[in-house]
Amino acid sequence: METLTASFFVRIASSIRAGYPTNMTDPIALVDRFGRRHDSLRISITDRCNIRCFYCMPEHDAEFLPRSGVLTFEEIERLAGLLVKRCGVRDIRITGGEPLVRRDCVDLIRMLARIDGLEDLSMTTNGMLLRDHAADLRSAGLKRLNVSLDTLDEATFVKIARRPGVDRVIDGIDAAIEAGFESIKLNALAIRGLSESELVGLVRFSIEKSVTLRFIEFMPLDSDRAWKSKDVLSGDACLKLLSEAFGDVTPTGRENPSAPAETFTLRCDGREGTIGIIRSVTRPFCGDCNRLRLTADGGLRNCLFSQSETPLRDAMRSGCDDDKLIQKIQQCVGEKHAAHGIDSDDFRPPERAMHAIGG
């Protein structure tokens, strides 16, 4: 019988918090030293993109992975299956770069949707290619979509994305609605000096389309390393602006303890809408983090802001078996810090920009 050590109670508490039966004979539960159980996986399938948002990647001369350096669909399927079937991962989100620029992306969705035990399969996209792919993605098994939309104005879109195309994004959102996804959320970065004039229009748009809108505090993930804390339009500032425009903004909590967004309801022209505020900078939610990230070249990251990665691609290609891969995954989880530390004096942004990590 296991002795009643502190680690015993941590694992009991973690299992209860995660909503799973406690199984003390299971050595593979991905619980870190702070009791956080990791059941959510972000998989980046490319570091390439068809726009150049300043908060994500450089405008010119971006260095991309060679094709041989990117995980194959079969390698992604192997790791995803291992994490779901043997490590308790329950949801997977496909990211990039822009995932839809990778050829035959729909085939990968179909492969992942067949994994026994996977409860949720979603994607984050810039929406530019959704008109061409939304129906096929839905029929392949993709359940939910997050679409980046920082503005409805073309001039502002070009300022952010350094490419034209907001009309294509809006058309892609319409295509996603037509395809019948279980959930569609719009993600808007909250950037001081830019977003203040966009908030109200985006809220009206989201209510008109009957989708959820989330404002995400601007984070230090830009390739130019130009981020400063003064550039963050805080969640509190967003709520103040929305209250001035719409009146009561009523908090409704989080979808679940590990959800990054605090949700609110408000009314516009007699219709109710739902918004989310993700305070990654001013009110971090690291204590409830349940996420792991897999980069396009097979690096496993235990935090978006981690300074290190566990290289799983090379391990697989050198013949590493599943048990050894799990050991590497467990070690990565075990090294996770308590928090990202953006507010600390010694904080350093990750070496990779957002497009190379995966959104």
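Placed from the backbone N, Cα and C atoms, the Cβ positions cover glycine too.
Taken from Swiss-Prot as is:
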DOMAIN    33-260  domain 'Radical SAM core'
BINDING   ARG42, ARG93, THR124, LYS185, ARG291, LEU292, ARG293  GTP binding site
BINDING   CYS49, CYS53, CYS56  [4Fe-4S] cluster 1 binding site
BINDING   TYR55, GLY97, SER148, MET219  S-adenosyl-L-methionine binding site
BINDING   CYS286, CYS289, CYS303  [4Fe-4S] cluster 2 binding site
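Features per Swiss-Prot, on structure.
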residue: ARG42; record: GTP binding site; Cβ neighbours (10 Å): 21
residue: CYS49; record: [4Fe-4S] cluster 1 binding site; Cβ neighbours (10 Å): 24
residue: CYS53; record: [4Fe-4S] cluster 1 binding site; Cβ neighbours (10 Å): 20
residue: CYS56; record: [4Fe-4S] cluster 1 binding site; Cβ neighbours (10 Å): 25
residue: ARG93; record: GTP binding site; Cβ neighbours (10 Å): 21
residue: GLY97; record: S-adenosyl-L-methionine binding site; Cβ neighbours (10 Å): 27
residue: THR124; record: GTP binding site; Cβ neighbours (10 Å): 22
residue: LYS185; record: GTP binding site; Cβ neighbours (10 Å): 20
residue: ARG291; record: GTP binding site; Cβ neighbours (10 Å): 18
residue: ARG293; record: GTP binding site; Cβ neighbours (10 Å): 22
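In this structure the C-alpha atoms belonging to ARG293 (GTP binding site) and CYS303 ([4Fe-4S] cluster 2 binding site) are separated by 7 Å. If you take every residue in the domain 'Radical SAM core' (33-260) and average the pLDDT, you get 96. Here MET219 (S-adenosyl-L-methionine binding site) is compared against the binding-site residues CYS53, ARG93, LYS185, CYS289, and the shortest C-alpha distance is to CYS53. Here CYS303 ([4Fe-4S] cluster 2 binding site) comes close to CYS289, ARG293, LYS336, HIS337, HIS340: these same-chain residues lie at least six apart in sequence, with C-beta atoms under 8 angstroms from its C-beta. Distance between Cα atoms for SER148 (S-adenosyl-L-methionine binding site) and LYS185 (GTP binding site): 9 Å, as a whole number.
Remark: CYS286 ([4Fe-4S] cluster 2 binding site) has ALA338, ALA339, HIS340 as non-local neighbours, by Cβ distance under 8 Å and separation of at least 6 in sequence. Shown in sequence order, ILE51, ARG52, TYR55, MET57, GLY97, GLU98, ASN126, ALA161, MET354, HIS355 are the same-chain residues outside CYS49, CYS53, CYS56 whose Cβ sits within 8 Å of the Cβ centre of the [4Fe-4S] cluster 1 site. Residue density at MET219 (S-adenosyl-L-methionine binding site): 19 other Cβ atoms are found within 10 A of its Cβ, drawing on all protein chains shown.
The Cβ of LEU292 (GTP binding site) lies under 8 Å from the Cβ of LEU30, HIS38, SER40, LEU41, ARG42, LEU83, VAL89, LEU300, ARG301, ASN302, ILE329, CYS332, VAL333, each of which sits 6+ residues away along the same chain.
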